[in-house]
Amino acid sequence: MLGSTGSIGTQTLEIAEEFPERFRVVALTAGTNVSLVVEQIQRHHPEVVALADASLLPELKQQLNALPSEQQPPHLPQLLAGPEGLNVAASWDSADLVVSGIVGCAGLLPTLAAIKAGKDLALANKETLIAAAPVVLPELKRSGSRLLPADSEHSAIFQCLQGTPWAENARLSTGVPTPGLRHIQLTASGGAFRDWSAKDLEKATIADATSHPNWSMGRKITVDSATLMNKGLEVIEAHYLFGIDYNQIEIVIHPQSIIHSMIELADSSVLGQLGWPDMKLPILYCLSWPERLETPWRRLNLAEVGELTFRAPDTKKYPCMKLAYAAGRAGGTMPAVLNAANEEAVAQFLEERIHFLDIPEVIEAACERHKPDLQTQPQLDDVLAVDAWARKAVQEQVKRGTRRLPLPALTA
């Protein structure tokens with residue numbers, strides 16, 4: 001489990017506890033929440049644990065050694081830290097499936113390590129594919145790893161394709177065009193501001209942007225939902241996962257979040273996957289695929305839902321959507337710049353350095369600056385370099401003041 005203390009990680013571990021006869025947790029990686037890692041070690045008895053920050057390793061050892069004897073796990077895991085430690089845990093020999101739940105581009109290198117080791121991958125970390133598809137997709141083909149989408153929208157598409165002759169393409173998820181798949185509709189809740197006017201966004205606060213009406217998620221992805229950048233990134237992910245052109249991927253606002261996405265087939269049939277908004281369902285499907293496990297979870301009752309509504313997104317209210325389509329069509333290193341600029345812009349917003357409406361402005365400025373330096377066939381080092389450049393570009397622009405200010409000349 002990559003990112004065991006985050007939203008995806010904690011929900012995945014809850015599923016493992018619900019089905020102890022089916023799933024065994026052998027490796028955990030985490031960021032800074034040491035006390036929660038200790039609890040997870042006590043509950044799941046992993047063979048190895050890796051912390052992203054090596055300076056926290058002594059604290060983890062101290063907390064484990066301080067446990068009363070009756071609370072000690074049967075065996076202490078091997079403890080690792082830093083980038084190399086994450087990579088070792090991600091490619092741990094006894095793991096059959098790696099769930100990638102690290103937020104942002106920080107998950108790229110450990111996810112690649114898992115792929116190179118031939119592990120099947122449940123991908124909740126969409127940024128890995130968005131920023132580095134030119135690197136990740138060839139590596140998937142070389143290793144034979146199967147990539148299973150763990151976010152709700154792409155899981156819905158994946159599930160809808162299971163009953164078609166093209167399920168094998170979807171199973172491998174290596175960007176192979178899927179014959180007969182004519183259109184994808186990605187549903188979006190509309191985020192925290194779906195019922196706000198574009199004018200009212202001038203008054204948006206951090207508390208407003210981090211209050212999602214339907215889903216329980218981390219702060220960064222909740223802000224991405226409010227800007228609709230999350231859905232824009234999912235458009236790029238769908239392009240790479242299912243080999244479909246951007247003109248055939250549409251975003252539709254669906255406030256109830258009951259239909260998680262839909263596909264249109266050659267004969268005009270439309271298939272959708274429905275369920276309550278709960279991330280556990282797509283995670284479970286990745287863990288159990290191709291089987292479906294019996295759960296005691298709440299069943300969908302359409303009479304209780306009452307109505308399902310849809311509307312087109314307002315492009316003026318959600319400029320990040322247009323930025324994502326443009327970056328996806330540009331390809332190469334541009335999606336990596338888009339992703340890194342967005343991560344940094346959201347971080348600046350959450351630290352109260354910029355306004356909510358500044359987020360798309362600084363992202364667009366970084367993408368514009370990158371156009372002359374776009375690389376169409378980047379290697380891993382190229383992706384990492386433009387990622388660092390885009391973050392620095394946003395930081396420098398924020399230092400210069402508010403939105404619509406030109407970027408200074410920068411080097412990576």
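Positions of Cβ are set from backbone N, Cα and C atoms, glycine also.
Keep in mind that this is a model prediction, so the values were computed, not measured.
Annotated NADPH binding site per Swiss-Prot: THR5, GLY6, SER7, ILE8, GLY31, ASN33, ASN125, GLU127, GLY218, in sequence order. In the three-state DSSP scheme, GLY218 (NADPH binding site) is classed as coil.
A 10 Å cutoff on Cβ-Cβ distances gives ASN230 (1-deoxy-D-xylulose 5-phosphate binding site) a total of 25 other Cβ atoms nearby, all chains included. What Swiss-Prot records for LYS126, SER152, GLU153, SER189, HIS212, SER225, ASN230, LYS231, GLU234 is 1-deoxy-D-xylulose 5-phosphate binding site.
In the three-state DSSP scheme, GLU234 (1-deoxy-D-xylulose 5-phosphate binding site) is classed as helix. Feature annotation from Swiss-Prot assigns Mn(2+) binding site to ASP151, GLU153, GLU234; the stated evidence is sequence analysis.
When the Cα atoms are compared, ASN125 (NADPH binding site) and ASP151 (Mn(2+) binding site) turn out to be 8 Å apart.
In sequence order, LEU123, ALA124, LYS126, GLU234, GLU237, MET279, PRO282 constitute the residues six or more apart from ASP151 (Mn(2+) binding site) in its chain with CB-CB distances below 8 Å. Under the DSSP three-state reduction, HIS212 (1-deoxy-D-xylulose 5-phosphate binding site) is assigned to coil, being neither helix nor strand.
If you take the C-beta of GLU153 (1-deoxy-D-xylulose 5-phosphate binding site) and look for same-chain residues 6 or more apart in sequence within under 8 angstroms, you find LEU186, THR187, GLU234, ALA238, HIS260, SER261. Around the Cβ of GLU234 (1-deoxy-D-xylulose 5-phosphate binding site), the number of neighbouring Cβ atoms within 10 Å comes to 28.
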